[in-house]
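A quick write-up on the structure given underneath.
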């Protein structure tokens with residue numbers, strides 16, 4: 001939420017990744033801890049390289065399959081994928097966005113976490129409000145809820161104003177999407193239940209909530225990772241089959257066996273599709289019968 005004001009000047013995806021990087025060690029097997037990413041030097045020495053890697057993974061590995069899960073109306077409004085190669089000004093903007101995102105995270109933590117700088121140096125933030133809930137706890141609850149509300153409102157406005165271009169991103173068929181989403185939801189519930197039953201969850205109410213959330217997120221991420229791998233494998237298979245079909249059609253055209261009828265050209269069945277809509281069925285002709293354009 002805090003990165004929204006600067007999204008017009010800096011890459012939004014880099015801002016979002018930067019805002020999440022300090023907490024990445026909670027969810028990913030990184031060679032450093034969250035304690036390191038929450039220091040003054042952490043964003044430069046650890047957060048920046050980790051953020052660059054995560055940003056590359058998002059754009060070139062995760063974005064297309066995750067976008068395929070979105071409804072058609074949302075896919076038609078999303079921007080195009082970045083082109084390969086980048087000029088130095090673009091790289092500088094990405095670096096600035098990552099640092100800005102991490103800065104907003106650390107400033108927020110300073111006022112809302114028990115070990116935050118402002119909490120440690122400002123007695124008023126440590127005053128009890130209700131039971132064990134102190135001012136900095138309440139500030140975290142209110143800012144989180146308010147941030148979600150602001151983000152939801154911004155998404156509604158963006159959806160209404162964004163230019164619509166159908167077919168920009170391919171998507172899953174309704175049945176395939178339902179299977180993936182249901183699997184992720186079931187995994188979230190199972191992972192959350194497992195986390196709630198862990199020994200760490202029995203330490204305190206805070207640890208119960210934390211273990212439940214982390215367990216659910218980790219389980220859902222595992223299911224989505226399997227889906228992403230399957231998506232890329234199936235896409236590669238479809239592209240390979242399309243190229244093989246195109247090569248075979250080219251050989252037939254070279255012999256002239258189908259040069260005079262014009263019937264095959266009209267249907268497009270021998271044109272060697274490697275993607276794009278089927279004019280008759282509205283499906284991709286690259287072997288991906290789980291994709292709908």
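Cβ coordinates are placed from backbone N, Cα and C, and glycine is handled just like the others.
Because the structure is a prediction, the values reported are computed rather than measured.
Within the chain carrying the transmembrane segment (40-62), a Cβ under 8 angstroms from the stretch's Cβ atoms is held by residues 13-14, 17-18, 21-22, 24, 30, 32, 81-82, 94-95, 98-99, 101-103, 106, 228, 232, all 6 or more beyond its ends. Here TrEMBL flags 40-62 (among others) as transmembrane segment.
Under the heading transmembrane segment, TrEMBL lists 83-108 (among others).
Per TrEMBL, transmembrane segment is recorded for 138-157 (among others).
Feature annotation from TrEMBL assigns transmembrane segment to 178-197 (among others).
According to TrEMBL, the transmembrane segment annotation covers 209-231 (among others).
The region 'Disordered' annotation in TrEMBL covers 247-293.
Annotated compositional bias 'Gly residues' per TrEMBL: 251-265, in sequence order.
According to TrEMBL, the feature compositional bias 'Low complexity' maps to 266-279.
The feature compositional bias 'Basic and acidic residues' is assigned by TrEMBL to 280-293.
Counting residues 6+ beyond its ends, the transmembrane segment (209-231) has Cβ neighbours under 8 Å at 26-27, 61-62, 64-66, 68, 180, 183-185, 187-196, 198, 200-201 in the same chain.
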